[in-house]
């Protein structure tokens, strides 16, 4: 991602007049520019798929008991989401502009300082030149901060050693990383590259929005403003609350709730490997997130509104109430 981004930055201009045409120029005139651009855009999607799988794996096997590692992971998730959001603004298409307008506007819900804060971030009275330039600057610097944080993430993991599916100590079963884990990891990497190259070479625009191929027009709002697929679940939660501040809080909490999970762990066992009821709830949570992702991409009308509201309630209910109670029930089941 950093490499493709670097090569894109060599040809990109962060000025409102030329940003859109510079991206077009990259795709048409730069040698393999189309490849670099689509590797970067779809690489972000693959990145998020990996992140979601990684977080899900951590939830399932109780890896969140490594507090420092887990909290840095949550911080990393926020940083990656911020980076992806700012990157989406750079091509300066319709969805870039209106996405930036809608999401930055959410900050105006903050009491007292809200509207000043939004204008400060915009660098004016609307999303304009100053906004695009600073988003480019932040989009360039953040991945390096993320890389550094990932190093710290690993540092704290190595303090404890990694977890395993059983949730038990595996010190006695340790084997050399190379060749065993290296060869195992190469398989996953190859599968990942296969999916990425298939996406890039066969249907590069599958996950994108056609509205972003229309240059910015501040006077014309697209019929359905929606983010990239990996933000749709959070967007659905945001939209399911009629109050602006409430929606913003729910949006932040939808990710921040991950930080509370270690304190909601009531089970005597670390992993869900031997806890069938918790497993069931975990997969309901996955289904619920897929439902939210679907709802986030739908227009705000019946029956999508009520489905989104129910899915949002279920999301928080599962994590904050049902899973901890089920864990206690399972403890009693085993007479612990």
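For all residues, glycine too, the Cβ spot is worked out from N, Cα and C.
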Report task. Among 114-134, 135-155, 156-176, find the range that Swiss-Prot records as transmembrane segment. Result -> 135-155
Requested in this report: Could you tell me whether the transmembrane segment (277-297) and the transmembrane segment (34-55) are in contact, taking contact to mean 3+ Cβ pairs under 8 Å with a sequence separation of 6 or more?
Outcome: no
Query raised in the report: Around residue 158 (ubiquinone binding site), how many other C-beta atoms are within 10 angstroms of its C-beta?
Result: 10
Requested in this report: Sorry to bug you, but what's the C-alpha spacing from residue 158 (ubiquinone binding site) to residue 54 (heme b b566 binding site), rounded to the closest Å?
Outcome: 17
Query raised in the report: For the binding-site residues listed here (54, 139, 153), which one has the lowest count of neighbouring CB atoms within 10 Å of its own CB?
Result: 54
**Report entry** Proximity verdict for the transmembrane segment (70-90) and the transmembrane segment (277-297), three or more C-beta pairs under 8 Å
**Finding:** no
Report task. Using a Cβ cut-off of under 8 Å, list the residues of the same chain at least 6 residues beyond the transmembrane segment (135-155) that approach it. Result -> 1-2, 5, 9, 12, 14, 69, 72-73, 75-76, 79-80, 82-83, 86-87, 89-90, 100
Query raised in the report: Do the transmembrane segment (304-324) and the transmembrane segment (245-265) share at least 3 Cβ pairs closer than 8 Å, excluding pairs fewer than 6 residues apart in sequence?
Result: yes
